[in-house]
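Written below as structure tokens is the structure these notes are about.
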């Protein structure tokens, strides 16, 4: 009797496993990887070199580092309304939901203290009141004309966007909450259809640069980048690389529900989904999009190398003395490894030529990327919005680093002595490391899919 029960259990286990599977794989798996060799476009570094250094050295170090409190808690405003169109699809799927942290879950060092100006104003209120005459003589005339107020607003906007490539959430806003990224992993949520397509269509068609000859956009599979200058190709390849990375995350961590009706679920790689997105039989530009991932990876890798001296001076404070010490040690180890990467991205080749034209192009580049960061507030799935905002902000932080400092080029760095001219907020550091971690994870997952499809 026991043997019969055991055999029934084993049979049921195998039957459920079959019904979890992604189904028959269609297409030519080799075609997906046909472009993943040789030099990355507009760079000298080879795909094979990046695969080796990432999968063997960078990826395991990043996974360990990003599990630490300093990097796992991200402060974000998911309540911002879309500035471009009315919200048409608030995702009701439970896998779209983001679990916010309770105050007692947040490391004490990340909670911060009351803003300085509030502290001093409170202290001032506790002091003895001055006499009426002193009040009258010492009173300020706070009258400001409407035109001056408008000018001040413009000054603030100018200061806020001078060296940034994306719109950052206000850390002091009551609508900002800490999110535990480990409890809200990036994976398939079921968010799709017109709302999701509208996001990427708006990014590609309205914000990626277009060749002047025919007015078409890189969003079209038939679109050639031949009509674009280096800066415009860089913008497109970064966005395409980010898009590819996100698609790889969804394919690597896909939701399987058993077909027996037991309500069981399983998260696993979906080879059929991978082929649907990247096999040239299904997506003509699929292999090229995979290669663009390596371009985005090189851009953020270079930013970390340039900012390494600055980053090494950070405290990475959370209040947990032992873990903070481990994080600093882990950061030092990771930066030592990535600095060994050969043939890094060279930002000094961008925005050259006629100074006026170069300045105009850089302003357009920054404005377009700023717009992409705002589009992230239009995503209808909270979990997708969370990871979209984080990764776009990380990429924007990388651009900020690359075009800041006293020098620009493959041998330039930013150190702590330049803090009067250049500073990174904690949210920028967290987003940059997590964004690079996502790209690193995607490169690693390509090797996984190679094995599964072999």
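Glycine is no exception: its Cβ is also placed from the backbone N, Cα and C atoms.
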Which range of 107-132, 133-158, 159-184 is region 'Disordered', per TrEMBL: 107-132
Candidate recorded positions 166, 381, 384, pick with smallest Cα gap to residue 243 (FAD binding site): 384
Minimum Cα separation from residue 187 (FAD binding site), reported as the residue among recorded positions 166, 381, 384 that achieves it: 384
Largest CA-to-CA spread of FAD binders 187, 189, 200, 240, 243, 277, angstrom: 21
Neighbouring C-beta atoms (10 Å sphere around the C-beta of residue 381 (active site, nucleophile)): 25
Minimum Cα separation from residue 277 (FAD binding site), reported as the residue among recorded positions 166, 381, 384 that achieves it: 384
187, 277 as binding-site residues, winner by CB count within 10 A: 277
Rounded distance in angstrom between the Cα atoms of residue 381 (active site, nucleophile) and residue 200 (FAD binding site): 14
